[in-house]
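Some notes on the structure that comes next.
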Amino acid sequence: MPLLCALLFGLFLLGTCDDTTHKYEDGEEVMLWANKVGPFNNPLETYEYFSLPLCRPKAGEVNEKFPSLGEALQGDELTEHEDIKIHFKKNVDKEQICAQKISAEEAQTLHDAILQQYWYQFYLDDLPMWATLGKTTEKHDGTKVPYIYLHQHFSLGYNGDRVVVTNLTVENEVPIPLEGGVLYLTYSVKWSESKVPYEQRFRRYLDNQFFEHKIHWFSIFNSFMMVIFLAGLVFTILSRTLKADYQRYARDADDDYDEEKEFTEDSGWKQVHADVFRVPPHPSLFCALVGTGLQLTCLVFAVVLVSIWTVVYTSRGALLTYGIIVWAITSYVAGYFSGSMFATYSAISPVLAPNWIKTMVYTAVLFPGTTMLTVFLMNFVAWGYRSSQAIPFGTMIVMLLIWGFVSFPLVIFGTMVGRHARKESADMPRVSQIPRLIPEKQWYLRRWVFVLCGGILPFGSIFIELYFVFTSFWNYKFYYVYGFMLLVLVILMIVTMCVSIVSIYFQLSAEDHRWPWTAYGLSASTALYMFLYAVYFFFNKTKMTGLLMTTLYFGYMAIFSAAFGIMTGSIGYSSAAIFVRSIYRNVKLD
C-alpha cells in the first residue's frame, strides 16, 4: 500500500508542479517554448513545431520540457525556442531569428502547410499563444498562392513581477520560393504594464459569450422540466398503481368471489415473483460491467467536482492526470460492487461460485484493456504520420504500471471485500427451480423496443451540453463551465433512473422476468445516440479531413461513448434493482 500511495502522489505532483515560481526580476530571461503545429481544420493532427524547416535547433542542443502524464497523453511536446530571446520588461525592436536556407523540397513542405492553414502554438510562462504560418491569395484563374509570415511580434503585459498578458502577431508576408532560397525570420518584443491580476490572467482565453449563452440556461430549464415529469410518473406508479396491485393481490375471498374472473385478472408483475431474481445470462460479464460503470460514475463526478473546486484548464494536461489518478483509486469501487453482486448470484445459484475469479478478471481487464487496445491501434496511424498525438512508448509503459500496480490490486481487494460483505440470510432472494414461461406480448413491450427507446430521453437531457463539450474539444475552446456540467449530470442520472424504473415496471407487468440486461441495455443505449450525434457533428459541424484525423476522432468518440454507455447502464440497472427489491419485498414465494 505505501508503494501505491507513493506512485499516485508522484503522478499528482507531475500533473500539478511547475519548474518556475512565475516571478521574474527585471531583465531576467523568460523562456519561450514551442509546442506544436498542424492544420487548423484538424485539431488533433499536430506535429512537433520544429518538424517545419524553420530555424531548427542544432543536434544535441535541444532543450525539451519533461511532460506530465496528461501532457504526454494529449500530445504536448514543449521545446525551448533558443533563437528567440525574451527578457522580462526588456523591449526588442527587431532581431533576426535565423537566415533559413531552404531547398526546393522544403519549400514544397512549407507550400503545402500554408495551403492547409497550418497554425502553431507557443508558451510563455505557461500562457499559450497561437499564430498562423502564412496566408494564401487567389489569382484570377483560381489558383492559390501561399505567403509565409517572416516576422513575429510579441506583445507582453506584466503586473509587478509577473507575466499576465501574452499576444503573438505575425506580419511581413513573402511568397515562398518554390525553387529554394533564403528566408530571413525576425521577431520583436514589446512589454507594457497591465492591471490584470495574476490570478485572472487566463480569463481572456475563455469564450464567455459562447458558453454562457441563453440557450445554455434554456437547456437546463428544459431538462429540469423533463425531470419533474418523469419523477411524477414514477411517483404515480409507486403510490397509486403499485398500491392498487398490492390491494388486489391481498384481497380476501368473499361470497361473490368469481374464480374464473380472478384467474383472468390476477396477472402482471406479481406472477413472476418466483423468477424475478433469477441469475441473468453471462453473470460474470454482467457483474463486471455494472461494477465498472459505478466506478466510472464515481470517476466522472470526482473529476467534475475537482474541476469546479480548482482551475484545471490553466494547467496543461492537469485534467487528464487527475482523471487517471481517480480512475486508479476508484478501481476498488468496481471490484467491490462486481464482487458483491456475484456473491449474491452465487448464493442463488451455488454452481456459479467458482467463477468469482473470472468476474474479478473481467472487472480488472475488460474496460481498461479495450481502451488501451483501441488507443494502441490509433497510435499505429499516428506513428505512421509522425504526429505528436502518438503516445510515447514510455507513457504507455507508465499506464501499464499504473494498471498493474494500482488498479488491478485495488480490484482484487475490492472483490475480496465485496464477496464477504454479502452474507446469506433470510432476506436472500429465492427463485423457483423451473423458469416460468413468458407469454406473448405486444411488439411495444418487447425488450429490444425498451432498449432502443430507453436512451432517447436521457440523451435529450444532455443534448445541448454535448454540443458545448464537443465544440470546446474539437474547436479550440477551453471548457470551464463545470457547474453546468455537474447540474446536467445530476439531471441525467435522475432521468436515467426514472426511465429505467418505468420501463422495467411495464416489462414485469407483461410477465417478463428477464429484466437485468434490459435495465442495463435501455440505459446504456444513450451512448448509441451519443455516437450517432458524434457522427453528425463530424460531417456537419467540423471540416476535418484525412485518415489521421478521422481515425483519432472516431476512435476517441467510440471510447467516450462506450464509457458513457457503461456508466449510464450501471445507473439504470442499480435504480431498477432497488425498485424491483422494494416492490417484491412483501411478495412471498409460493
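Cβ from N, Cα, C; glycine included.
Feature annotations, reproduced from TrEMBL:
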- 1-17: signal peptide (SIGNAL)
- 215-238: transmembrane segment (TRANSMEM)
- 285-312: transmembrane segment (TRANSMEM)
- 324-348: transmembrane segment (TRANSMEM)
- 360-385: transmembrane segment (TRANSMEM)
- 391-413: transmembrane segment (TRANSMEM)
- 448-470: transmembrane segment (TRANSMEM)
- 482-506: transmembrane segment (TRANSMEM)
- 518-539: transmembrane segment (TRANSMEM)
- 551-580: transmembrane segment (TRANSMEM)
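If one looks beyond the transmembrane segment (324-348) by at least 6 residues along the same chain, the residues whose Cβ comes under 8 Å of a Cβ in the stretch are 8, 11-12, 15, 69-70, 277-279, 283-284, 286-288, 290-292, 294-295, 298-299, 302-303, 306, 355-356, 359-360, 362-364, 399, 402-403, 406-408, 410-422, 424, 428-431. Only pairs six or more apart in sequence are counted, and the transmembrane segment (215-238) with the transmembrane segment (518-539) gives fewer than three Cβ pairs under 8 Å, not enough to call it a contact. Within the chain, the transmembrane segment (482-506) has long-range Cβ neighbours (under 8 A, six or more residues past its boundaries) at 211, 216, 220, 223-224, 226-227, 230-231, 233-234, 237, 241, 269, 300-301, 304-305, 307-308, 445, 450, 454, 457-458, 461-462, 465, 468-469, 515, 518-519, 522-523, 526, 568, 571-573, 575-576, 579-580. With respect to Cβ pairs under 8 Å, the transmembrane segment (360-385) is most closely packed against 551-580, considering the stretches 285-312, 448-470, 518-539, 551-580.
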